[in-house]
Each structure stands twice: as structure tokens, then as C-alpha cells.
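This report concerns only the one structure given below.
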Amino acid sequence: MGHAHHNSGVLPPNPEKATLEGKNKFIGFWLFLGGETVLFASLFGTYLGLRNGTAGGPTAAELFHLPLVFVATMILLTSSLTSVFAMIAMKKGNYKGMLVWMWVTVALGLSFLGLEIYEFYDYLNNGLGFTTSAFGSAFYTLVGFHGAHVAFGVAWIITLLIRYRKGGLTLTNAPKFYLASLYWHFIDVVWVFIFTIVYLMGIGG
Amino acid sequence: MKKSTLWDWLTTVDHKKIGIMYLVAGAFFFVLGGLEAMLIRIQLMFPESNFVSAQAFNELITMHGTTMIFLAAMPLLFGFMNFIVPLQIGARDVAFPFLNSLGFWLFLSGGILLNLSWFFGGAPDAGWTAYVPLSSAAYASTGLDYYVLGLQISGAGTLIGGINFLVTIITMRAPGMTMMKMPLFTWSTFVASALILFAFPALTVGLFLLMFERLFGANYFIVEAGGNVVIWQHLFWIFGHPEVYILVLPAFGIFSEVLSTFSKKRLFGYSAMVFATLIIGFLGFMVWAHHMFTVGMGPVANAIFAVATMAIAVPTGIKIFNWLLTLWGGRIQFTTANLFALGFIPSFVLGGVTGVMLATSAANYQFHDTYFVVAHFHYVIIGGVVFGLFAGTFYWWPKIFGTMLNETLGKWFFWLFFIGFHLTFFVQHFLGLMGMPRRVASYLDGQGLNDLNFISTIGAFFMAVAFIILLANIFVSRNDKAVSDPWDGRTLEWATSTPVKEYNFAQTPVVRDLDALWYEKMKGNKRLPVAEPLGEIHMPNGSILPLIMSVGLFIASFGFIYHTYIISVIGLGITLGCMLVRSIKEDHGYHIPVDQIEQDKEVG
């Protein structure tokens, strides 16, 4: 078990979980995402409990611009798709293709973050700060936690892309790319809930 | 030589060494929490006493609870899990050796951070539950910042440890060891780890919210700004109630091993025990709000949570009867380990009975926040968890430390502790029913509370003396070398040599039945069948990064506590930098050659 496979010619069909280390990472990471689910569920619960606690400050309906958030949502969902393309390329043994699709994913992730920063800046100018009201605190905490996850994911994928820019797919780096894409999907799924619970419910009541 | 030994311990990723470090650090915090308890009991020995100030009393009760739960009971259990579980499943290692080490160092740095509060501006003083607004910036000083950050760091360590155990048990069992052939301690570790995975993130969020509110002026819990204090209580108990089972299930696992070993019988109703463990694990999540019956959730919510709570008595009862039936007709050996297991059964049943009483939500209005509650949870946590830790200590000591603890001193220890425990806490039921409130620094003379409080404190001294005898025992028996299977054991950890080699098993064993070692013994085989020829063994390299990462978070915490954010940035930079180094540097470990393994075999 666990030998270094630097230049193995032919990789098995699922290189991300072919070694015991890879399999451990694969299962461990799914479990970790289970814990992350509780983390976000707790944040959603808190937000739902406090979303009307505006204390005279601006409300969700007054602030949210659905078109901006919709564009951001589309960008993030597309980035999930591009990371799927990367994984398809990986499974076909097309290392270059995987790297390219991962870079596209990073670019989309960065655009999403840019829009989010602009959005926060806009709300701040319209009177909703982190300390304005319980609603403000809960909103920035939930959406900010998600944003921090996106930023961490982008940094993670960029690190992998730079570290493994040369060479090819190995049983060591395949699990790393696979987990990064898994994490990226998770971030997307959380955003779908944010879009519904924070933004749609915020505007529609 | 000395330096290299220290370096070896600081960088080790060996689950056995990490287990020992958990045990040592946990024991240290156990002593600390015990001293805090003694100060509390001395203060309450006489009415209107001034032994400690009211402020110091608040700090003592907060730190006693926090220390005992997070820094003593859990790490001590983690110590046993780390050392024993890979051996019990016939594995060479855990799934994530590096993360295992990181988990330990995070726990330790969080624990030290929390306790440094005693020296820098006072310990946290809002109770171990840290209810808002008592724990808000308006009412609680710096101590609470230590609480928020210390628990956050050590909680991250616990979560990492939990995931590690889950994956280890899922993927690294020896051939033939199906899930339904796993020893009960491994099973309970598995379920407790699943509880950790789903409970701790709620605490993480709660602590983040409290931290953001205290440090950055957020308003989640500030009613004037639209906040709601009950959110904290929900988040705390969504974590806090499963935490009870995170502690007690592994203890149940220890009792199952000890009772069957010292009855020379297979555990009665193995599959029912596994099923009951799973049910308890599940129900543990459904009952958190029974801590909040008097908050004003309304009768419907109270009733639902009352019924769900009482339902836990069913699987627990199944377990109790299975333990009794394991003893039934067995050749019972009254070793110290077994005495603790036997003493546990009636003690824990008492705690369970008062638990059902407390779960009666109408009656709960009467019991709430009195010493009745204090008596109840000490019966559960000492009668269940601490007895389990002591049973495990005497049972596994020979395997872990290679020496035999003295049985005579062990029995003195057991009886003094057992009597002291009941003396301390049994009377507290009556104190509670007579109206003595918990968390209050003193009580008035002439209210009929004097005698029972005095008795309670005497009991606490019994327990303290008992613990000193345990320490003396460890010292006295330090040269009494143990054989590899001193108890005529049943499970795989007793099939390894003592001291255990770094690779655990020279050849991976094959498991053919429940209690694999006992099965082979009964078949007249000296050794377990093996799954592989003797070959070189792959091992992971040690690393100093987990320690540095933990120190980074420790430094960052000081920056947050004293609002010097440049220090926080530096600390977080250290941690993130280590993560970067770890992800960039490929570490393929090393191999132990065959001739060394053969040499070990001849020596051992």
C-alpha cells in the first residue's frame, strides 16, 4: 500500500480512489462535507431566526438586487459544470484538458467573488453594515461564510494547478484534484440554498 | 539522545504515541478540573462561607465543567481510541496519521489557551454553557474570549479526530473483520465519531457567533438590535446533548470489553448491543431541547422532546440487561477494571432514572437549575464516563504502558472512589429537591442544607484521596513488566506484542469470528492466521507541521483577544503557510525492511 507512483504508465479507471490513501481521502472528504452541511444548516437556522430582526435598519426587500445575484448564481453554477468537465478529462487521462478546465473554474470562481464584494459594498453604502441589526449580522455571516469557502476553494485549486502544472496525472495528485472538485460542487449546492432562502425569500417575503 | 526523543514525540504521527499524549494531557486537565471541583466543594462545605469569592466561584464552576468535558473526558477517551481501535481492527495505522497528530496539537493548544485565562484577566465566568447575555461583552470580561477561542481550536481538533476514526474503521479493518465482527469498543468509537462529525459544527457556529458578537459588535443575541438569545441555547445544545453520548458511548464500549473479558464469556446479545448503540446515537440528536424546557418553547415542543428523551431509556435498558446477562453464569474475576464495570451498572441506572424524572417536562419546572440536576449529570458522567475511563485504565494499562498496575492499590482506589462518589452526589438529589440552586456561591444557615452539603464535601475528599492512590499506584508499579496478554483477552489488541511495535502487526491478521483472538485460542491455535507473507512495511513520516499549525492558531487567538489584529494575521499566516507547505510537499513515507521485522520477532 501507499507506494509512490511517480511515473506509472497506465492508470486505473478511477485513479482518485485506486490507492488506500486515495480511498481514505475520498471517504474522509465526503464525511467532512457532512460536517460542513451541519455548519451551514446552523448558519441557515440562525439567519432564518433573525432575518426579520432589522431593528429599524434596511430590510432584505429594500436592498437585494435580484439581477446581480442571478448573474452571480449563473456564474457559480457554470463553474460547477466546468469542474465536471475537468473530472471527465481526468478520467479520460487528458491531463492538459483537466488543467485547462480547472483554470476556467478558478476564473469563474474569482468573478463570483468579485460580484459578491461589489454586492456587499453596495449594501454597505445603502445602510446595511455588519453591526446595523441582527439581520445584517446574520446575512453577512451566512453569505460571508460561503464567500470565505469560495475564496478558500479558489486558493486551493490554484495551489494544485501551480504545484502540478508539469508532469501528468498520478495516483497522488488525482485524489487531490478530485476532492477539490467535490468541494467546489458542495459550495455550489450551498449557494443554491442561499439563493433560495436568502434572496428569493428576502424579496418575496 | 534526550533531544531526539523529545523531537520524536513532538513530530510523531504514530497513533499509539498520539494516544499516550492524549492520555497524559487528558490526565493533567483531569487533575486541574478535579482541583477546581475540590475548591467548589470546600466553599460549599459550610453555609455562608467565604473560602472563595463569588466571582472566583463563578470562574471555578465554569472552568470545572468546561475542563472536565472538553479537556479531560474527551481527550482521555480519544487516548484509548487512538491506541486501541487500530489494534482491535488489526490495522497497521490510522487513515490519516498527519491529521491525527494535528487533532492532538489543536486540542492541546486550545486547552492551554483556555487555562491561560486564569493568569490573564480572569477565567470565563458564565457557566460552561456560556448562555447569552451573561456571556455577552456587556456582562462577561476577557475570560469569555479565551473560552470562545480555546474551545474553537480544540473543537476543530476533535472534529478532525472524529473523521479520522470513522475512515479508519470503514477502510482499514483486517480481512474477515466485517462490521458485525467488530469489538464493541470499536463500534462505540465509530458511532461516537459520527456524533462528533454532526454535533461539533453546531458548536463551531455557536462559538463563531459569540466571538463575532464579542469582538466585532455583531447583534445575533442582542434583543434591542433584533437578536434572539434562544438561538445560542439551541446551537449550544444541538452540540451539547449529543456530546453526552459522545462521552458515554465509548465508555459503554469499554464496559462491554471488560465485562466479557472478566466473565470469560462472549458479550450477551452482541447484535442487540450494536443496534442499541446506533439507536442511542440517533436519538441523541433528537432531544437537545430537553435542556430548554423552562425557556418557554410551549407545551407541544416540550412534550415532543420529553417523549424523545424518555425513548432513550429503551436502548439503554437493553444494554444494561445485556451486560447483566453477560455476567450471568460467567466465571467472574473481580479485577479492579471489572470492579469499575460492575460498580458502573447500578450507578448509571440511578443516573438514568433521574434522567427520566428530569425528562418529565412538567416536573422539570421544579427540578430545573437545582442540585438535583447536578446530582443527575454527575451520576451519568462519573458513574458512566469516569468509571469507564478508570476501567479502561486498569484494563489497557499493560498494553499501553507495558506495566501491570498493582491490584491491591487498585482495589483501595476503587472502593474509596466508589464510596466517595455516592457520598458526594447521592445527597445532592435531596439538596436539589429541598431547593438548593446550582451555580450559586453560597447558601444560608438554618435552611436544612448544612448537613448534606457537609457530607457531600467529605465524599469529594474521598475521591481526591482515591485519585492520589491511583497516582501512587502508577509510581509503585512502574517496574512491574506486563506480558502481552495478561487478562487472557478476547480481542486483537491482546494478540500484539507488548510494547506494541510501531507497525502493530508484523503480518496483517485474518479474522474468523467475533472475539477473534479468543476464537483462535479455543481452536487451540497459538497465533492468528495471517493474510499476507512477511514483507516490508510502509510507514508515514513524522512531521512538525501539526504542532506549528496549532501554535499559529494559538498566537492568532491572542491577537483576537487583545484586539491586536496584526498578531492575528501573523498567527493565521503561520497556520495557512503550514497548510500550503503540506499540500505542496509530497511525503511518501518510508519502509521498514523485512530483516528488521524478523529481528523484532526474535526479541519480542
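Every residue, even glycine, has its Cβ placed from backbone N, Cα and C.
No curator has checked TrEMBL annotations; they are predicted automatically.
TrEMBL lists B:1-512 with the feature domain 'Cytochrome oxidase subunit I profile'.
Taken from TrEMBL, the feature transmembrane segment applies to B:20-40 (among others). Packing against the transmembrane segment (B:20-40) from elsewhere in the chain are residues 9, 51-52, 57, 60-61, 63-64, 67-68, 71-76, 78-80, 82-83, 104, 107-108, 111, 115, 400-401, 460-461, 463-464, 467: each is 6 or more residues past its ends and has a CB under 8 Å from a CB in it.
Taken from TrEMBL, the feature transmembrane segment applies to B:97-120 (among others).
The transmembrane segment feature in TrEMBL is assigned to B:146-172 (among others).
The transmembrane segment feature in TrEMBL is assigned to B:184-211 (among others).
Residues or ranges marked as transmembrane segment by TrEMBL: B:231-255 (among others).
Marked as transmembrane segment by TrEMBL: B:267-288 (among others).
The transmembrane segment annotation in TrEMBL covers B:300-325 (among others). Residues of the same chain lying 6 or more positions beyond the ends of the transmembrane segment (B:300-325) and with a Cβ under 8 Å from any Cβ of it are 252, 255-256, 259, 267-269, 272-273, 275-277, 279-280, 283-284, 286-290, 293, 341, 345, 348-349, 352, 355-356, 359-361.
The transmembrane segment annotation in TrEMBL covers B:337-359 (among others). Distant neighbours of the transmembrane segment (B:337-359): 251, 254-255, 258-259, 262, 290, 306, 309-310, 313, 316, 320, 323-324, 327, 367, 372-373, 375-380, 382-384, 387-388, 390-395, 411, 414, 418, 421-422, 426, 429; these residues of the same chain sit at least 6 beyond its ends, with a Cβ under 8 Å from one of its Cβ atoms.
Long-range neighbours of the transmembrane segment (B:371-397) within the same chain, counting only residues 6 or more positions beyond its ends whose Cβ lies under 8 Å from a Cβ of the stretch, are 68, 73, 76-77, 80, 83-84, 244, 247-248, 250-252, 254-255, 257-258, 261, 335-338, 340-341, 343-344, 347-348, 350-352, 354-355, 357-358, 403-405, 410, 413-414, 417, 421, 424-426, 428-429, 431-433, 436-438, 470, 482, 487, 493. Positions annotated as transmembrane segment by TrEMBL: B:371-397 (among others).
Annotation comment: TrEMBL describes B:409-434 (among others) as transmembrane segment. Same-chain residues lying 6 or more positions outside the transmembrane segment (B:409-434) and placing a CB less than 8 Å from one of its CB atoms are 41, 335-336, 339-340, 343, 347, 350, 354, 367, 370-376, 378-379, 382-383, 390, 394, 447-449, 452-453, 455-467, 469-470, 472-473, 476-477.
Counting residues 6+ beyond its ends, the transmembrane segment (B:454-476) has Cβ neighbours under 8 Å at 31, 34, 37-38, 41-42, 44-46, 390, 393, 405-406, 409-410, 412-414, 416-417, 419-425, 427-428, 431 in the same chain. Here TrEMBL flags B:454-476 (among others) as transmembrane segment.
Under the heading transmembrane segment, TrEMBL lists B:537-556 (among others).
Confidence annotation: the domain 'Cytochrome oxidase subunit I profile' (B:1-512) carries a mean pLDDT of 96 in the model.
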